[in-house]
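Input: a single structure, listed below in structure tokens.
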């Protein structure tokens, strides 16, 4: 990390420090805003003291970021318009990222002050939509063309469906546990489902088995939160580094010879596939012709087929006999990144518009992973920095959200079984999402899980609190879209 600030100009260094500060502030807010959700039930049921619960959550959030991979990080990055990604190292890119982060920070802080369990994921996706719209309008690009609707649809579905599934699964778990404990021992059943809630009074800890399940599931949610939400900051920092220090971060200069060979072999394999399937891929080829990689070139004057073949030739020329990316000049690194991004977009277009077999789709998916392995990466110091920021955030400001989850969702305080069901549901859902690289809302999964456990047990939920959560859910998208759009428009028109 230190080599950046010793090698580049004072302006670049100041920009980098400011950008890092904003990203890390976003992650700290994310930590005390979202991570509180993971420890809400474990604190409220007295399975752990608040101090120990917060420390454990901070540790496992840290580990989640470090060990969780980069799937979610680049899922979020690819929601940004492909035209803006091609142009990310320009002033457009840096202004876009600052606008995304400032809008997200503002709305997350507002909802935290109001004690509303808002979703940082919803906010981030909304700000990216706003950026895409403004970028398209300012560059006379079709707004519809600036969106990758398949990717947005997948993210939207995960954000919308995951709370519904959380509510249903948590309710089913309560019924299963109800039946299970009733068979084992009537007295234990009464203990777990006590209507007087005397076992949730101050300083009374749960029985060993219940406590162990609550603690382990809380750890699972914390780890998954780090692996899911923590990755978003990593993706944004990488875009910032590409904007400010392009020569160092266009491609992974530490990529091994094996990774470079893998990328080159994938280019050859994709070219062979294209040549043998030209007719069936005609529509995809025509669609890709609208993207101009080099704005100064006359590539749009060429036929669609010729343009695609030229991209393959350019890639082979750059990769053949290359043992290390450090051998490439900065212009070559820039071109390599653009061409590889173009090829991954081409693969997505083939899968979307062409009638191809499922085996071919699987083959292309593997090729895509190999193509991007040296441009979708993150140095370990960035991962550690984001992990540390998220962990620090976990140690701050958790109490407001914990109170909302523990006392204000239901008309009565939660029972042990309701706590277990909601925690297990959240842990399983978050782990699945992190493994598949899909961004989800920790807040909404946990709140819906608690609501499901409360409803199926015959209790009522507090209308006012649920209404406030739904209002923040509904308002998050439009407000974050408008905020980021305004900020980006101001930065484009007023800041040189």
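Here, residue 1 is simply the first one shown, and the rest follow in order.
Any Cβ shown, glycine's included, is placed from N, Cα and C.
Among the ranges 371-398, 399-426, the one that TrEMBL lists as transmembrane segment is 371-398. For the ranges 27-51, 52-76, the feature annotated in TrEMBL as transmembrane segment maps to 52-76. The stretches the transmembrane segment (155-181) and the transmembrane segment (96-116) are not in mutual contact, being linked by fewer than three Cβ pairs under 8 Å (pairs 6 or more apart in sequence). Comparison of 52-76, 123-143, 233-255, 438-457 by number of C-beta pairs under 8 angstroms to the transmembrane segment (371-398) places 52-76 first. Among the listed stretches 52-76, 123-143, 233-255, 438-457, 469-490, the one sharing the most Cβ pairs under 8 Å with the transmembrane segment (208-227) is 52-76. Counted over residue pairs separated by six or more positions, the transmembrane segment (438-457) shares at least 3 Cβ pairs under 8 angstroms with the transmembrane segment (52-76), which defines the two as touching. Each of 96-116, 233-255, 469-490 was scored by its Cβ pairs under 8 Å to the transmembrane segment (52-76), and the highest score goes to 233-255.
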